[in-house]
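Copied over from Swiss-Prot, here are the features:
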- 23-43: transmembrane segment (TRANSMEM)
- 62-82: transmembrane segment (TRANSMEM)
- 104-124: transmembrane segment (TRANSMEM)
- 133-153: transmembrane segment (TRANSMEM)
- 162-182: transmembrane segment (TRANSMEM)
- 185-205: transmembrane segment (TRANSMEM)
- 212-232: transmembrane segment (TRANSMEM)
- 302-322: transmembrane segment (TRANSMEM)
- 337-357: transmembrane segment (TRANSMEM)
- 372-392: transmembrane segment (TRANSMEM)
- 410-430: transmembrane segment (TRANSMEM)
Amino acid sequence: MNFKKTENALSLTLKNFIKSESFGGIFLFLNAVLAMVVANSFVKESYFALWHTPFGFQIGDFFIGFSLHNWIDDVLMALFFLMIGLEIKRELLFGELSSFKKASFPVIAAIGGMIAPGLIYFFLNADTPSQHGFGIPMATDIAFALGVIMLLGKRVPTALKVFLITLAVADDLGAIMVIALFYTTNLKFAWLLGALGVVLVLALLNRLNTHSLIPYLLLGVLLWFCVHQSGIHATIAAVVLAFMIPVKIPKDSKNVELLELGKRYAETSSEVLLTKEQQEILHSIGEKANALQSPLEKLEHFLAPISGYFIMPLFAFANAGVSVDSNINLEVDKVLLGVILGLCLGKPLGIFLITFIGEKFKITSRPKGISWWHILGAGFLAGIGFTMSMFISNLAFTGEHKDAMEVAKIAILLGSLISGIIGALYLFLLDKKATLKK
């Protein structure tokens, strides 16, 4: 297998991913703002009622379906987590997490950036009904963070952008582990055994080099159902499925055919407009090049725009809407303070301190081209929690403790906004200072 070719192709995927995520972050922000406006307007009752509307189909007295809110949080977000899983697998095999030397610094940073916010929140809410929300400020929203850092353009070193992306990927992996370990209740082992059986079949398909995505996706639906029924959040099934999707390029004669088509195209006469023959050759090249993509690349290319421009903005619109009126109790335990301090203070301090200590003890080394001041700036941007923080708040606060969920959402919005503004201004002024010195 030509690993160099695969690595180059996956590098191109990363560039496309950055582009879609950065613009997707802006769209995500607009939907969050729209949700807050609608939730505090004259149509707020219709807004909140909409998400409880059941969608599905009925067979006799048996209804198969969910509320619209559950369709978004359990089904559509599973596709988002599938893309995250594909991204993590790609980085582990070919990217910045593919070796200890590459991975150690951002992974250690992600660990510090999760532990510190979690401890701050837990310390403030210990021995209260809200202490279970410690996972809320531990997450980083890669779309928002990338959106901010891309707006800064050339003022930010490329190495810092790569560091932030890799940190966010490692952070996503950590958030998935937190969800699986701490936000799982009433496990049903019969369904877990069923899920394990599906995973074994998926592993067998991978082992047999099955490159068609259809059997993986069909079994993925079955895996989602088993995991959903087991008591573990169904989005974990999507991550497991992602790790079963093959990364190997299909072995056939299409690469030889591509060379022949390229040679034919080069031999055709140069025209201002493409001839019919040239158009047919280019069409054939496109088809054969697409066929040479690995299943992982195909699925990631398909999911990236859907996730960035539909699923995440819809999730934001459905979950960011909080009615800020006299009835909301902002003093529910210390949820507001715990989340805001966790995101705005815990994230940058945790990331900076653990990496600084790690380098001093020669456990890891800082990437070339970025200073400790840059690391601190990236830490502030990592405090933009939003999507994953909102998702965890939905899992942490249910039933009688829904007041805490509303407060947590306000805190996530405020904390993410403060972190984004501080991070952007800090990196902007840091670049300006460096320019003046020159």
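Using the three backbone atoms N, Cα and C, a Cβ is placed for every residue, glycine included.
Non-local neighbours of the transmembrane segment (337-357) in the same chain are 105, 108-122, 124-125, 130, 133, 136-138, 140, 167, 364, 366, 372, 375-376, 378-380, 382-385, 389, 408, 411-412, 414-416, 418-419, 422; each lies 6+ residues outside the stretch with a CB under 8 Å from one of its CB atoms. Between the transmembrane segment (410-430) and the transmembrane segment (133-153), the number of CB pairs under 8 angstroms, six or more residues apart, is three or more, so the stretches are in contact. Sequence-distant neighbours of the transmembrane segment (133-153) (same chain, 6+ residues past either end, Cβ-Cβ under 8 Å): 18, 21-26, 28-29, 113-114, 117-122, 125, 160-161, 164-165, 167-169, 171-172, 174-175, 178-179, 182-183, 308, 312, 335, 338-339, 341-343, 346-347, 381-389, 391-393, 396-397, 404, 408, 411-412, 415-416, 420, 423-424, 427-428, 431. Contact check: the transmembrane segment (302-322) against the transmembrane segment (185-205) gives fewer than three Cβ pairs closer than 8 Å, residues 6 or more apart, which falls short of the contact criterion. Just going by CB pairs under 8 A, the stretch in 23-43, 62-82, 104-124, 162-182, 185-205 that sits most against the transmembrane segment (372-392) is 162-182. If one looks beyond the transmembrane segment (23-43) by at least 6 residues along the same chain, the residues whose Cβ comes under 8 Å of a Cβ in the stretch are 141, 143-148, 307-309, 312-314, 316-325, 386-387, 413.
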